[in-house]
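Q: Okay, these came from TrEMBL:
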{"type": "TRANSMEM", "residues": "21-41", "note": "transmembrane segment"}
{"type": "ACT_SITE", "residues": "Glu207", "note": "active site, proton donor"}
{"type": "ACT_SITE", "residues": "Asp340", "note": "active site"}
{"type": "DISULFID", "residues": "Cys403-Cys435", "note": "disulfide bond"}
{"type": "ACT_SITE", "residues": "Glu449", "note": "active site, proton donor"}
{"type": "ACT_SITE", "residues": "Glu474", "note": "active site"}
{"type": "BINDING", "residues": "Thr560", "note": "Ca(2+) binding site"}
Amino acid sequence: LLYRAVSGTRPPTSFRLTEKFILLLVFSAFITLCFGAIFFLPDSSKLLSGVFFHSSAVETNTHTGPDSSDAGSAGNDDRLLAKIKKDHEKALLETTERSYMIKPVDDTALTRTDESPDLNILGCSQYIMMKHAWDSYKRYAWGSNELRPVSKQGHSSNLFGSIKGATIVDALDTLYIMEMFEEFDAATDWVEKSLDFNVNAEVSVFEVNIRFVGGLLSAYYLSGKEVFRRKAVELGEKLLPAFKTPTGIPWALLNLKSGIGRNWPWASGGSSILAEYGTLHLEFMHLSRLSGNPEFAQKVMNIRKVLNRLEKPQGLYPNYLNPNSGQWGQHHVSVGGLGDSFYEYLLKAWLMSDKTDEEGKKMYYDALQAIETNLMRKSTNGLTYIAEWKGGLLEHKMGHLTCFAGGMIALGADGAPGDKTGHQMEQAAEIARTCHESYARTTLKLGPEAFRFDGGVEAIATRQNEKYFILRPEVIETYMYMWRFTHDPKYREWGWEAVQALEQHCRVEGGYSGVRDVYASSPNYDDVQQSFYLAETLKYLYLLFSEDDHLPFEHWVFNTEAHPLPVIRKDKTDRPNEVE
């Protein structure tokens, strides 16, 4: 019957071979078209607006919880998500053979010059990476501080004592910003029911502040959920005994139950560390605002009084300060480890105050001038780097941590005194280039923990204990700031290079792992998925490929763990989830 309907009066036995072949082709094409229409067309508005790249403002709270979505679409969402993941992995394998270019400034997607259909790959790649990191943590390490992705079990650092859930709290705002609301609700539920600070354990005041207090504050301002404000204030109050020293310079370590503090035994005769006591200001100012307790703000403002009374060698701030005597310890100066975020918080304190904190502003620009004079150097082949200063002698190395400085200098360039704005933007761009070179000159295209400019090498790690990569965010952070301020396409290109390297060398079945040697031909995993990978690295990548109105800098300031905190307007009362 079929043959007769198609071929008229000719009997089926009279079909020629070529006619049979043509009929088969037509039939096959029809089936393929129908299947493709059913399988490939997206049927979920959530996927189109959340998974794929978008520019909706996160400041407006549109989250109505998991019950607001159509339960019947879950299967289709999962199927489409699986396809996106497959396409994403395929594209990563193809990138070495294809070139990429940035569209004009108003368009945020990276597109291939061959006009292939994978136009949304960059928009969804950070979502896919976050999904894999979060799902792996939830599956293998839920409630633990961090994940061991190779051995697929929980991992806890002694930095947090017996407080649990560092990854959960650190990832809260990233989940919210990426509109992963189902995961955000699960994290919120854990915070409400299981996050406990009533522990008899010693914690790092610095790490607990930037990750837990910062993460809770940010989650509160983004979502408006009271549990986050309450938990942040509760933890802040438990940290206050750390300031019970003769000078008010806080201890590095604190027992949350007894209130007894001490400093790291290796830190220059019992000194407190600049980057630790100098990285409390943003969070404590917000704690005072949200709790009505001025003590938080008073504690961090007193730190400035102590510092301003001291003479600075060459205008520089040594990394060590004795909390008992109020005198500098060993004269070691670094814009990397031990010093870095102190300078960042001077600038951001001014910005977060709606540019009314003139003391913080002056301290920052004075310090930056001293850094430029004494620490910034240019290599033989023209790479700008920031060296370390030890008793007047320079050590010509730069840490991965120092690479944040490119973004910091760019962020502060607009407020630079005199006519230095252009000069500081040039410095920021040069530092970004140097840090990119530290990645490009490795085998795995991931940056080492530190790299040197001596002995005939430039931007290369020469010591084995400096060759590791632990999923750090600082280089990508600088790319994000430089993109926002310049819209130079190379910063997105460099960010995409980092995505490829992370996927190829750090992604494992159970999450993402750091590697022990970025110069090795294949990765040797350290088996730790750091909580800051979800809080910082993936968030900065997401923002790098977002539009500028996604957490705009005029309204938000990021703490050193990439937790966004709103600018405090002097004439208005900040309300959660509401920004002008």
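A Cβ is built for glycine as well, from the same backbone N, Cα and C atoms used for every other residue.
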Q: Checking the recorded positions Glu207, Asp340, Cys435, Glu449, which are within 10 Å of Glu474 (active site) at the Cα level?
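A: Of everything listed, what lies within 10 Å of Glu474 (active site) (Cα to Cα) is Cys435.
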Q: With an 8 Å cut-off on Cβ-Cβ distance and a minimum sequence separation of at least 6, pull the same-chain contacts of Glu449 (active site, proton donor), or say none.
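A: Expected: Gly399, His400, Ala461, Asn465, Glu466, Lys467, Tyr468, Phe469, Ile470, Arg472.
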Q: Return the residues near Glu207 (active site, proton donor) by Cβ distance under 8 Å, restricted to its own chain and a separation of at least 6 in sequence.
A: Leu159, Phe160
Q: For Thr560 (Ca(2+) binding site), which of the recorded positions Asp340, Cys403, Cys435 has the nearest Cα in space?
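A: Checking each of Asp340, Cys403, Cys435 against Thr560 (Ca(2+) binding site), the shortest Cα distance is to Asp340.
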Q: For the C-alpha pair, I'd like the distance in angstrom between Cys403 (disulfide bond) and Asp340 (active site), rounded off.
A: 10
Q: Please give me the CB contact count at 10 A for Asp340 (active site), counting all chains in the structure.
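A: The Cβ of Asp340 (active site) has 25 Cβ neighbours within 10 Å.
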Q: Excluding near sequence neighbours, so keeping only residues 6 or more apart in the same chain, what lies with its CB under 8 A of Cys435 (disulfide bond)?
A: His400, Cys403, Gly406, Gly447, Glu474, Val475, Thr478
